[in-house]
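**Q** Okay, these came from TrEMBL:
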DOMAIN    170-244  domain 'Cadherin'
DOMAIN    245-362  domain 'Cadherin'
DOMAIN    379-476  domain 'Cadherin'
DOMAIN    477-584  domain 'Cadherin'
DOMAIN    583-694  domain 'Cadherin'
SIGNAL    1-22  signal peptide
Amino acid sequence: MQHKTELALSFLLSQVLLLACADLECVPGFQQKAFYIEEPFQFAEDQPVLKLKFDDCKGNNKLTFEVSNPNFKVERDGTLVALKNMSEAGRALFVHAQSEHAEDMAEILIVEENENRGALKEILKIESNLGFPRQKRAILASPVLVPENQRGPFPKSVGKVISSLAGDGVRFRLSGKGVDQDPKGIFKINEITGDISVTRVLDREATASYELEVEVTDVNGKNVDGPVRLDVFVIDQNDNRPVFKEGPYVGHVMEGSPTGTTVMRITAVDGDDANTDNALLRYDIRKQTPAEPSPNMFFIDPEKGDIVTVVSSVLLDRETMETPKYELVIEAKDLGGHDVGLTGTATATILIDDKNDHAPEFTKKEFLATVKEGVTGVIVNLTVRDRDDPATGAWRAVYTIINGNTGQSFEIHTNPQNNEGMLSVVKPLDYEISAFHRLMIKVENEDPLIPDIAYGPSSTATVQITVEDVNEGPVFHPNPMRVTKQENIPIGSKVLTVNATDPDTLQHQTIRYSIYKDPAGWLEINPTNGTITTTATLDRESLHVQNNTYTALFLAIDNGHPPATGTGTLHITLGDVNDNVPSLYPTLAKVCDDAKDLRVVILGATDKDLPPNTDPFKFELSKQSGPEKMWRLAKLNDTHAQVILLQNLKKANYNIPISVTDSGNPPLTNNTELKLQVCACKKSKMDCSAADALHISMTLILLSLFSLL
């Protein structure tokens, strides 16, 4: 019923158009260019759908029709007929008609049932929709449909504008983008006849439509009628292949997945009109590599591009496959997959991911290892087999010592290269304590097993370890050894008797002692009983003493084969005695002969000994000769004093006798001389050469006086 209504409306519209154009000249082409069919519509084989009317105004000689959908054809009388039973034909059909004198394009739109195409009165609004004139408008400018990619020669007539005002002195003028605006010159109009022509090949993917304006002018270019809108629609041709743009396409599916598991989606794009079959894509798998265990492991949804598994979960077993990687050649074809559609291909890679469905198993139940006592490091490599993917946590092994490691002497780690368990001794073993060890080892995976798989007896193993006896060196007790002695004790004094024992208690070996390192050569040791005595004076201030401590090393050597040696360290803390006199600094001072500040120099004292054998120091001057005293000492603190001149002196060198005494018991005194140079000073420059020439030694003066007496 709906179809009959459509035909009636189409017929009525055609009659209206004929009436509208009754007073105009014949317009070559389809007398109605747009038709509507409402979905759902069942197309029956060899049954007419609707009738189109084409007239080239010259008898339709050599008239032919072409339909964009190969499932339809148009009879010689213009009847559109379906070639097979179908319920879906896309969103639009285009019918191209060509005779000896004209060609044109009609469009059949397939709309949804709920789309409102309007009542009859809306269809009759032909001026706004199709450009046909009412009585008030003299210009008839129906929409122009131009197929893209037309072959030349150009220009090629594509339509015609008609005006009831046509005649002498009337001209047609065309304007808009594609005429006098960029891109210029695509369309032009015969100003006398109104024929519209295209000058070049059109590309719908670049521009799908053009909105032009046509008007009628007099010979002087003055507007007579219009402008009227003229729409030019570029009809899509299937000139773009589907393209896969988002590659590479890689999907993952877990082994054992149920049939119908979605792996990935792969889609292509088509540059043609999305509202036509030219861009209606269908997908297909053209090739699967490898073809085992089934040549049809996967299926692709022809419309959505979803790739799903189609084999049973049993066949989707990674461990039994030739390879866990499948490559699918996917083809996208436009025209809804029709044989004449254009195609594009892409490769989809599908990886079968491993799940932990195999527990690791030791290659044997018991491993043997031998290690010498006192040695650390790897003693044995435990081997396992696992059928899962080596690149995953389902294969990587984790080893644990579950029994026998009471002293924590052993550790086990996984070798990442081969998955073996490297059993190591981390604390040296003692043959005399235990010559044998037995460990229980278990192995698991980094990833948990799937629920229906469990670790079995083969996932545990034992390791039998035999410890070999070696001749171990004697051990000093304690080590290091510490003792405190005063420095300067008499030579031959006893320092300490060392004690070393042999760990090899079953061998009953004897021990002899010797010196290994004695930096200052102060000590000797009895080789039999280990008594250490002094052979020289112990000096706390020696360069060999650090932080009041002297360090020496001794050896204990057994009589095994070969002999074994142990090393002991002795630290002697030395007590201080007052055996070093204090030293004075500086020993040279300079002063100008006309100096106003007679404070010549500050003297300091140091002592190598330790308190209380150091400061406070006592500073003193020897008795001065002559009628006048020339200098004096002033104490500043416990370690410093200042030399002060009592008057300006003549240019000369003076030796000032000074004594400094420490606070030891008994105290020690150091008598020394301070050399004082009195120099000539001019313009901030000090000249001490004259002082050298006028050298006077107070000590020599005193000696001369004593000689005279």
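Here the Cβ of each residue, glycine as well, is placed from N, Cα and C on the backbone.
Any idea what these are sitting next to in the structure?
**A** Residue counts for the domain 'Cadherin' (379-476) under DSSP, helix first, then strand, then coil, are 3 helix, 44 strand, 51 coil.
Mean pLDDT across the domain 'Cadherin' (477-584) comes to 92 in this model.
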**Q** For the domain 'Cadherin' (245-362), how many residues does DSSP put in helix, in strand and in coil?
**A** 9 helix, 48 strand, 61 coil
**Q** So, by DSSP, how many helix, strand and coil residues make up the domain 'Cadherin' (170-244)?
**A** 0 helix, 40 strand, 35 coil
